[in-house]
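Colleague: To start, I am sharing the structure in question, which I have written as structure tokens.
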Amino acid sequence: MSSVKRLVYAIIQFLREQSQRDVYTADEQESLEVAVQCLETVFKLSPGDVHLSTPNSLEELFSQAHFKNDELTPAESPSVSPADIEKAEQLKDEGNNYMKEQNYEAAVECYSQAVELDPNNAVYYCNRAAAHSQLGHHEDAITDCEKAISIDEKYSKAYGRMGRALAALNKYKEAISSYQKALDLDPENESYKSYLKIAEQKVRQVPSPTSAGWGF
């Protein structure tokens with residue numbers, strides 16, 4: 001409870017300091033005083049509890065914490081052993097072979113095992129997305145593409161495959177955005193151009209509420 005009281009005391013100090021500033025109207029200053037009184041009543045505090053004060057003000061503590069958070073680097077990825085990397089690549093190749101054989105469930109399993117061994121390889125997620133799409137698991141495909149993109153934001157194939165999954169869910173506007181991003185990264189890809197045109201046509205074919213007789 002002492003840590004809670006310290007926090008509340010710091011908040012009270014902050015509110016008191018704010019109430020003395022000229023930037024607030026008389027009503028606003030009164031509201032700040034009421035807030036102070038309410039906190040003191042609930043937590044049984046008084047101005048004499050100076051032993052609860054902290055060396056830094058609440059605003060300083062917040063600024064320090066915010067700055068520190070901005071400076072934090074992402075946690076280092078777990079190290080993957082060379083043996084695991086080699087095994088993951090073997091599993092990826094097996095998954096690719098299953099894709100050729102149209103055994104998509106087996107492909108998903110291989111890619112999933114590869115992901116477990118090396119979770120920082122965008123290719124494994126993107127390949128699994130393709131297998132999911134073939135199985136009609138389009139939401140799973142989108143999730144895998146998003147993961148691949150989070151690892152490699154310039155992975156054009158992940159954007160392209162996400163576009164196909166979105167289109168399969170009739171989310172053509174979102175699919176257009178994905179295809180456009182894929183083309184930005186791979187402007188000569190004819191498949192992306194073709195899929196983009198199809199998605200744009202689908203959007204144009206959607207009847208407006210007015211043309212459907214739904215207008216007021």
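Each residue, glycine too, has its Cβ placed from N, Cα and C.
Just so it is clear, the model here is predicted, and its values are computed rather than measured.
Just lifted these from TrEMBL, have a look:
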DOMAIN    4-63  domain 'SGTA homodimerisation'
REPEAT    88-121  repeat 'TPR'
REPEAT    156-189  repeat 'TPR'
Colleague: Report, as numbers and ranges, which residues of the same chain sit near the repeat 'TPR' (88-121): CB under 8 Å and 6 or more residues beyond its ends.
Modeller: 77-78, 80, 127-128, 130-132, 134-135, 151
Colleague: Within the repeat 'TPR' (88-121), how many residues are helix, strand or coil going by DSSP?
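Modeller: Secondary-structure breakdown of the repeat 'TPR' (88-121): 27 helix, 0 strand, 7 coil.
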Colleague: How does the model score the domain 'SGTA homodimerisation' (4-63) in terms of mean pLDDT?
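Modeller: Average per-residue pLDDT within the domain 'SGTA homodimerisation' (4-63): 79.
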